[in-house]
Amino acid sequence: MVDESKLQCYHKGCGLLFDPKENDNEACTYHPGGPYFHDAYKIWTCCDKKSTDFGTWMNYKGCTRGKHSNEKPVDIVKVAAVKEIRPEKEEDVIVWKGLNKSGKLDSKDATKRIEQNLNVEVTPGATAAIEKKLKEISEAAQSADIQIGAPCRNNGCSTEFDGSKNKENCQHHPGAAIFHEGMKYWSCCNKKTSNFGAFLEQVGCTSGEHKFRNNEIVSKFREDWFSSNGFVTINVYCRGALPETANIVSDGHTVRVSMKHGFGNASVDLDYDLWDEVIPEESRVVIGERKVEISLKQKHGTGWPRLKFDPELDAKNDEEA
């Protein structure tokens, strides 16, 4: 039963209930700075702690002590936006006017392009490997000592380990956090908001078991690509990619990839500005045991000199053509 005399602390990195009568200058450990998202990294501006994994980043312990506060923060997205990602001089900025050589593509307003989820298939081998590994992780966690107060690592859950088995259902988001064009949402339920605080308060869409421990798994991955028979194929080599967290979308000119791998303990976020146009509805994704294969149907039958559009190289080729 909730103690109505206690208030909710809205400091970033805290989120605990507190008694106003016992709120001194050492009561709260939090992040006074705002969140900052750049090149797949999630960063706290106050201490520069960063991670590509949203859950790991959210669980970084605060860097400052002070009193708890029950005042809800203003839209901190606007504050974070003041920080420049690339403060180039105006004359150094390259203006992108196309994804290919001039005249090769029909003119298209980028703001009107609609992203589509690519069809995802999972191989039987990948399904079996995931089930086996997750069972091993669950059994290991139950037998290992867990520190009292350890937070649940599932996205959207703030439950702390209290010494019992914590068998009550864990309401959480199994998907990955997506940040795109000012919007924040979970790939598992797609409830979008521009307010970071509202995003964090979204109730989980799935019930399951709490996860009080992170298992150390290598988070490295590599990628390559090739073209054959009218398809351009991107291979992302990583073990234990979780299908339910995969958010792979394309608007025909770009592809965005966000998913958890390492059986849920690492994440990858990739963005591709493609050299030429593809057909999303005729493209597909195959999640295997050790790699994720993204096959993109080419709209034009021409060969691709490279996977990504390069403003400098393609502008130069345009002039020489």
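Quick reminder: no glycine exception, Cβ is built from N, Cα and C everywhere.
Quick caveat, the model's predicted, so the values are computed rather than measured.
From the candidate list C157, C205, the residue Swiss-Prot records in the Zn(2+) 4 site shared with H173, C188, C189 is C205. When the C-alpha distances from H68 (Zn(2+) 1 binding site) to the binding-site residues H31, C47, C152, C157, H173 are tabulated, the minimum falls on H31. Summarising the environment of H68 (Zn(2+) 1 binding site), the number of other Cβ atoms within 10 Å of its Cβ, over all protein chains shown, is 22. Secondary structure from DSSP puts H173 (Zn(2+) 4 binding site) in a beta strand.
In sequence order, G15, L16, L17, F18, C28, Y30, H68, S69, N70 make up the list of same-chain residues 6 or more apart from C9 (Zn(2+) 1 binding site) whose Cβ falls under 8 Å from its Cβ. Classification of C47 (Zn(2+) 2 binding site) by DSSP places it in coil, neither helical nor stranded.
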